[in-house]
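Asker: Below you will find the structure I want to go over with you.
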Amino acid sequence: MTRMLIIGPPGSGKGTQAERISERLGVVAISTGDIFRANVKGETPLGIEAKKYMDAGDFVPDSVTNKMVRDRLSEDDVENGFLLDGYPRTTAQVEYLDEILAKTEEKLDVVLQLTADDEELVARLLGRAKETGRSDDNETVIRHRLDLYHEQTEAVVAKYAERGILTRVDGIGAIDEVTDRVLLAIEAAKAV
Ligand code: AMP
């Protein structure tokens, strides 16, 4: 049973690494960004609401995001643990997640932070924009998303560091190399 978070700036490869960790450890990976994108694609009310914020590179309001995560974490497939990718991103979301977990007396085992230099991230994301045409991958929006990460999500990281469950992994390098580092870091963190 492992309950984990993966946190990293946009473009750090957290989605890719989350999928790999999920396969190796047999825990379900839950990406709030993917859930939002699926809803945008399906033109659901949630997707129509979320799209406005996503296209501008803003956070979807906590009231919407928190409820979505609460519902997702009540599904059966999280019984063996979970890996949350992209949540929490604000300190208010940290508190909300604390409340969800407290209700079932659950605790997080590991919080993984993928690190990367801003200019490297901008270059990667501009490359991804050409390949995927993601509507939130243009330079102005990319820089705004990075600013939000520094302004809001680094405070989230600091909270978990204070709790002694944070592990930092260098996200620069070949995808396989980063996966090896990530898996080693998780093993080391769980052994403590
Ligand atoms: P991601 O794929 O994780 O980069 O997320 C894509 C977009 O979805 C973000 O830029 C936000 O607009 C939205 N989003 C994803 N997770 C959250 C969250 N925890 N809180 C608010 N907005 C989120």
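Placed from the backbone N, Cα and C atoms, the Cβ positions cover glycine too.
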Asker: Please identify which of Gly164, Gly173 is recorded by TrEMBL as part of the ATP site containing Gly11, Ser12, Gly13, Lys14, Gly15, Thr16, Arg128.
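Answerer: As annotated by TrEMBL, Gly11, Ser12, Gly13, Lys14, Gly15, Thr16, Arg128 share the ATP site with Gly173, chosen from Gly164, Gly173.
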Asker: Look up region 'NMP' in TrEMBL and report which of 31-60, 61-90 it refers to.
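Answerer: Region 'NMP', as annotated by TrEMBL, spans 31-60.
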Asker: Return the residue out of Arg20, Arg134 that TrEMBL annotates for the same AMP site as Thr32, Arg37, Asp58, Phe59, Val60, Gly86, Tyr87, Pro88, Arg89, Gln93, Arg145.
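Answerer: Same AMP site in TrEMBL: Arg134.
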Asker: Among Lys14, Thr32, Val60, Gly173, the binding-site residues in the record, which have a C-beta under 6 A from ligand 1?
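Answerer: Cβ < 6 Å from ligand 1, in sequence order: Thr32, Val60.
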Asker: Given that the record lists Thr32, Arg37, Asp58, Phe59, Val60, Gly86, Tyr87, Pro88, Arg89, Gln93, Arg134, Arg145 as binding AMP, what is the largest C-alpha to C-alpha distance among them, in Å?
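Answerer: Looking at Thr32, Arg37, Asp58, Phe59, Val60, Gly86, Tyr87, Pro88, Arg89, Gln93, Arg134, Arg145 as a set, their Cα atoms extend up to 25 Å apart.
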Asker: Name the residues of the same chain, 6+ apart in sequence, whose Cβ is under 8 Å from the Cβ of Gly11 (ATP binding site)?
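Answerer: Spatial neighbours, sequence-distant, of Gly11 (ATP binding site): Ala116, Leu121, Val122, Arg124, Leu125, Arg128, Ile142.
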Asker: Would you kindly give the Cα-Cα distance separating Tyr87 (AMP binding site) and Lys14 (ATP binding site), rounded to the nearest Å?
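Answerer: That separation, Cα to Cα, works out to 12 Å.
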